[in-house]
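Engineer: A single structure is presented below for examination.
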Amino acid sequence: MVAQGFTVDLKKPLVFQVGHLGEDYEEWVHQPIATKEGPRFFQSDFWEFLTLTVWWAVPVIWLPVVVWCISRSVSMGCSLPEIVPIVVMGIFIWTFFEYVLHRFVFHIKTKSYWGNTAHYLIHGCHHKHPMDHLRLVFPPTATAILCFPFWNIAKAISTPSTAPALFGGGMLGYVMYDVTHYYLHHAQPTRPVTKNLKKYHLNHHFRIQDKGFGITSSLWDIVFGTLPTTKAPRKEQ
């Protein structure tokens, strides 16, 4: 199904075109088009609608889940001094999950028709159109699917009474991640920390796309040696 020398027509729905690029997909998807208006994905208005998510849907949908999870642990006998470090641990675990997901799933290399198509839907579209404000945060359905492995991890490493709080902390970490991600693309930070985060992330998009996988911090890039060269620690003379 891969067409030799295929050229994508940006005026037509893209999803079922990109698979035809074959091995050329990797180069094509990492040549960003930095316009605010995103492309059309599907001919069908219904399927097109499902690909669009406003940023504020993330806190509106998932913060109540965070509150409910923490309240469950409280109702099962956990005190506030016990819950706070558990929630913080959940946030910390999310940062690792964020890194692994971004590096090994979102940046997997593909060349088959369906591999390219799936990758474009999952993350390739964001690299091709990084300023598309309606396809930047996770759609609620995708987040719900990711909840299952994270919930199983929470249950496996904690007790029945603390698992909801740990999961809630992870979900809070996710909300912070997605809102931060949107902010880095569409806001103009004035504080040094957020200015550096924006520079760090846009460096991943426009300069060194196989480094700098952390969104909310560069911690795991430092740990696993994927810090961009401009951020790497200087060697002593």
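Quick reminder: no glycine exception, Cβ is built from N, Cα and C everywhere.
Pulled these from Swiss-Prot:
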BINDING   HIS102, HIS107, HIS123, HIS127, HIS204  Zn(2+) 1 binding site
BINDING   HIS126, HIS181, HIS185, HIS201, HIS205  Zn(2+) 2 binding site
TRANSMEM  50-70  transmembrane segment
TRANSMEM  80-100  transmembrane segment
TRANSMEM  137-157  transmembrane segment
TRANSMEM  164-184  transmembrane segment
Engineer: So which of the binding-site residues is most packed in, judged by how many other Cβ atoms lie within 10 Å of its Cβ, out of HIS107, HIS181?
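Structural biologist: For the binding-site residues HIS107, HIS181, the Cβ with the most other Cβ atoms within 10 Å is HIS181.
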Engineer: Around the Zn(2+) 1 site recorded as HIS102, HIS107, HIS123, HIS127, HIS204, what other same-chain residues have a C-beta within 8 angstroms of the site's C-beta center?
Structural biologist: ARG103, PHE106, HIS126, GLN209, PHE213
Engineer: Measuring Cα to Cα, how many angstrom lie between HIS181 (Zn(2+) 2 binding site) and HIS102 (Zn(2+) 1 binding site)?
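Structural biologist: With the alpha carbons as reference points, the distance is 12 Å.
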Engineer: Give residue numbers and ranges for long-range contacts of the transmembrane segment (50-70): same chain, 6 or more residues beyond its ends, CB-CB under 8 A.
Structural biologist: 41-42, 83, 87, 121, 133-141, 143, 164-165, 167-169, 171-172, 174-175, 178-179, 182
Engineer: Tell me the Cα distance separating HIS205 (Zn(2+) 2 binding site) from HIS107 (Zn(2+) 1 binding site), rounded to the nearest angstrom.
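Structural biologist: Between the alpha carbons of HIS107 (Zn(2+) 1 binding site) and HIS205 (Zn(2+) 2 binding site) there are 12 Å.
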Engineer: Within the same chain, and leaving aside HIS126, HIS181, HIS185, HIS201, HIS205, name every residue whose CB is within 8 angstroms of the centroid of the CB atoms belonging to the recorded Zn(2+) 2 site, in sequence order.
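Structural biologist: My list of surrounding residues reads PRO130, LEU136, LEU184, LEU202, HIS204, ILE215.
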Engineer: Inside 10 Å of the Cβ of HIS126 (Zn(2+) 2 binding site), count up the other Cβ atoms and send me the figure.
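Structural biologist: Result for HIS126 (Zn(2+) 2 binding site): 20 other Cβ atoms within 10 Å.
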Engineer: I need the CA-to-CA distance for HIS126 (Zn(2+) 2 binding site) versus HIS204 (Zn(2+) 1 binding site), whole Å please.
Structural biologist: 12
